[in-house]
């Protein structure tokens with residue numbers, strides 16, 4: 001396959017993009033390149049992998065994935081198995097209140113009325129691969145335990161759809177409901193909710209952009225009128241989105257789907273006990289142990305403040321000294337020193353703290369994926385809050401009001417600078433406050449930083465992949481090793497397999513990263529746009545580009561995401577609410593400090609009265625809550641005895657209905673026969689010359705997609721060929737190392 005980007009820049013069809021060969025999922029199986037023992041372990045794990053997939057009803061095919069990996073192609077072998085899964089999970093949706101009515105027992109008629117979407121098929125297939133054997137799945141979890149050689153499990157991109165998608169969006173200003181529905185059908189509700197949020201946020205941004213431009217022309221900076229309107233806008237948008245996401249959840253049929261939790265394979269329970277309400281046998285982990293580990297979030301937050309805050313404060317002090325006090329040699333070069341230090345140390349410290357956040361979240365040992373993800377997002381939000389907003393807080397509430405008092409503490413830089421120069425005259429001057437510093441910082445974070453984020457998110461990863469691939473090709477060309485593993489694909493599959501190998505090397509798409517960018521941006525708008533009212537204009541342009549660049553990132557920069565369901569934007573909703581509330585307080589403080597008063601010559605703003613500042617903050621906060629109560633109605637649900645009774649009755653009903661539906665019909669009894677897959681040859685069947693000739697005549701009339709699944713007839717042959725490929729890789733790596 002040619003470069004994927006060229007496929008989206010012209011209308012010429014690219015080789016290998018026309019069909020996915022009916023593949024549901026590809027398992028990228030990495031092979032060790034060192035010891036013989038690891039090779040034997042990988043081979044045994046591969047046999048377990050194929051047997052586990054075959055046991056639950058998958059047809060499999062294996063192909064070489066590269067110099068040290070295999071590609072295991074899977075698809076559900078029988079439509080009857082898929083129908084059984086669809087019916088089972090739709091029954092579950094009805095029992096949990098996601099669906100208003102139970103599925104019709106006449107499955108053929110029911111599926112004609114409500115056909116299975118591509119996203120639903122892929123989601124149920126992924127669950128069948130990953131859920132535990134006790135729940136009827138294969139129990140395969142990438143990079144965990146005995147599946148440590150399973151690098152990733154991903155569906156293939158539909159490049160024809162992606163091409164139409166990108167081309168249609170490039171000529172639109174607004175995304176309509178049909179656009180969102182297409183995303184939902186292809187990538188699932190979780191991704192669709194992100195694009196729906198981005199579109200709603202973009203539409204709402206029109207007002208603050210227009211009003212901010214007018215305020216910039218007429219009112220200027222630190223206008224109390226702009227601060228009030230901006231705070232009201234943030235409240236209205238927040239409450240609007242809460243209503244909007246409920247509406248979307250109802251229309252997409254996922255209202256309440258968050259109640260259906262997917263268990264984490266990594267959850268370690270202490271014991272099994274009977275639920276006192278439902279009587280269900282549940283796995284129990286001590287809530288006191290989890291609470292004690294959750295309390296570690298407090299020292300974690302303090303560590304973030306000390307490490308990241310200390311770095312930012314240090315670079316802040318160096319920057320103030322160099323730009324506003326230092327007059328010695330090399331000043332034009334030393335000006336970049338704080339940026340260099342932040343560029344070097346900030347990603348390192350942030351990465352270490354992110355890894356620490358992951359370990360703390362794992363230690364909290366949550367039963368479900370959603371609970372685990374929510375806890376992790378809370379920790380990430382603390383990191384982002386410090387790195388994104390602390391520099392502006394320092395300038396607004398430390399540098400300007402108390403700069404004259406703090407400048408003497410910069411003498412350490414003065415002494416250091418003087419000792420490194422041979423000049424007899426002083427290399428510093430008396431400090432004077434820079435009144436434009438606060439505005440310049442806000443402009444940087446709302447304009448320049450947005451451009452840098454776009455480059456690092458889209459352009460840099462694409463360039464890195466191109467350069468890395470070119471380096472590999474050059475190294476392979478000049479290695480001079482005649483024992484390199486040679487991959488020989490069938491001509492009918494060559495273009496398709498080349499494209500799959502490219503997709504296998506892509507990063508996994510994480511919608512959390514995109515949510516984080518938008519929430520941080522919303523924080524800049526609600527907290528600091530009173531300093532520079534044109535911030536919303538910058539964000540309006542950025543978000544139009546962001547929607548298209550995120551689509552391109554999914555289409556060509558990442559593996560196709562598993563189409564998970566969701567009924568909201570998740571924990572990010574709480575982050576929006578917090579930033580909206582905090583924005584009312586910070587805006588009031590900024591207006592009080594800087595509105596209609598000049599900065600005094602001694603480096604401080606006008607006389608600050610502590611009680612007046614506190615009063616303005618409390619007044620703004622109470623207005624915020626009053627407006628919030630007007631635009632929404634908050635309903636709290638308590639787990640009272642009536643709800644416990646309902647829960648017990650619903651559990652009994654679920655258990656009874658599942659037993660009636662699946663206990664006697666024996667849907668799973670036919671899996672052994674149907675899981676053999678197309679082209680299966682039983683062990684007792686005798687292969688004769690006449691049988692082979694007849695098979696050749698039949699295969700001559702089949703399409704390449706059909707023949708793809710006939711190359712290996714059954715799990716035993718897949719295992720045999722896979723073992724041969726593993727041996728070839730091991731031999732090539734051993735020869736190369738010697």
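Placement of Cβ uses the backbone N, Cα and C atoms for every residue, glycine included.
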Among 298-322, 423-447, 448-472, 473-497, TrEMBL lists transmembrane segment at 298-322
Candidate ranges 572-594, 641-663, 664-686 [criterion: TrEMBL lists as transmembrane segment]:
572-594
Looking at 381-402, 689-710, 711-732, which one is transmembrane segment according to TrEMBL?
381-402
Near the transmembrane segment (381-402), which same-chain residues lie under 8 Å Cβ to Cβ, leaving out any that are not at least 6 residues past its ends?
300-301, 304-305, 308-309, 312-313, 316, 320, 346, 350, 353-354, 357, 433, 437-438, 441-442, 445, 516, 519-520, 523-524, 527-528, 531, 575, 589-590, 593-594, 599, 603-605, 608
From the DSSP assignment alone, can you count helix, strand and coil residues within the domain 'Anoctamin alpha-beta plait' (22-150)?
63 helix, 24 strand, 42 coil
So which of 191-218, 298-322, 334-353 is most in touch with the transmembrane segment (522-541), counting Cβ pairs under 8 Å?
191-218
Tertiary contacts of the transmembrane segment (334-353), defined by C-beta under 8 angstroms and 6+ residue spacing from its ends, are 300, 303-304, 307-308, 311-312, 314-316, 318-319, 322-323, 326, 383, 387
Using Cβ atoms and a strict cutoff of less than 8 Å, what residues sit near the transmembrane segment (298-322) while being 6 or more residues removed from its termini?
331, 334-335, 337-338, 341-342, 345-346, 349-350, 353, 356-357, 360, 379, 382-383, 386-387, 390-391, 394, 399, 403, 409-410, 413-414, 417
